[in-house]
Amino acid sequence: MLTFFSSVDFPFSPYIVASVFQNFPLIIFTWFCSQKSESQKHGLTESWATGGAVPPPISVSADPFASSKLLPLSSSTSCIEPPSLTIFGRTLKKGQIEQTHFRLFTALRRSQGFALKASMGPPGFTEKLDNKLETLAEAEEGCVIFNDLKDRFLSFKKNKYMKNIEQFENLAKAQAPKFMVIACADSRVCPSNILGFQPGEAFMIRNIANLVPPFESGPSETNAALEFAVNTLQVENLLVIGHSCCGGIRALMSMQDDANEKSFIKSWVVIGKNARIKAKAAASNLSFDEQCKHCEKESVNDSLLNLLTYPWIEEKVANEELSIHGGYYDFTDCSFEKWTLDYRGTTLEENGRISAKNKIFWC
């Protein structure tokens, strides 16, 4: 077995490493014969590999990596092959050279480490493993993606779960969150990360642009979650959180008034059309980015109004059994605004406006 290694450990399966070359000695032999033939074409005289007289020319492929089979002799050529040749302890005879394949895995070219192992196995070794090796490479790449998640999970189990096992055992029996949070699906604005919610503290629903559809819009995952949180879990607070640089709001603001949208995203964000109208009217002299920022906050208020279209929510709010809050997280400067809907001062007619109280700004 001939082995080449770099100073960096090779990160892949030994099966991949072992099958990079198939029948490496055969390739060396074929290349040697090719070089011999080329030398004789130019009238060069060299000694045979074992010393002694120069043998007659051998007809071989010009490209040993494309095919290592002996080419058929033409009628005008009389070539006598050496009866045998020993390379790396293996005796090769006429008819024993089969087509070989040189396949370098794409993963090897990307790797900083480089290692090659020459196989002395039977000629069909790599062919049998090709499909299996590709599957193994894909599996290894998939495993690498989850390695970090595995470490995080084990860290969570060790540092949080095991240290608070009694709390988690109680949560396994029932949950009694005080909050229901409606937030955006954006990966940058996880409510638990921003506001430090612990397991069991907040029931959450996340969707594009943190929108709440009105009651008359019919069933959706958002109002199904609302019904469960308010009527079954008996949460005391509903919190809608908007955020800066929201792609959903940008899509809403970019829509044409008369456009016939077939996109799932556009069909969803149109729920915030009233917020779009208000934002364009209030910030018409500002840049598009500023209009979007204005709409990000206005859409939160629009969702607070939509919450009151659900009879079982309005009833609890009117009886002061449930509070509705709005929030806005600006991750460009890490600030948070919070306000509470003042039910007594809020107008519920079409295009109504909320009255806010208890405004707080955290920075």
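Using the three backbone atoms N, Cα and C, a Cβ is placed for every residue, glycine included.
What TrEMBL says about a protein is an automatic prediction, not a curated fact.
The annotation Zn(2+) binding site is assigned in TrEMBL to CYS184, ASP186, HIS243, CYS246. ASP186 (Zn(2+) binding site) falls within neither a helix nor a strand when secondary structure is assigned with DSSP, and so counts as coil.
Less than 8 angstroms from the CB of CYS184 (Zn(2+) binding site) sit ARG206, ASN207, ILE208, ALA209, ASN210, ILE241, GLY242, HIS243, CYS246, GLY248, each of them six or more residues away in the same chain.
The Cβ of ASP186 (Zn(2+) binding site) lies under 8 Å from the Cβ of HIS243, CYS246, GLY247, each of which sits 6+ residues away along the same chain.
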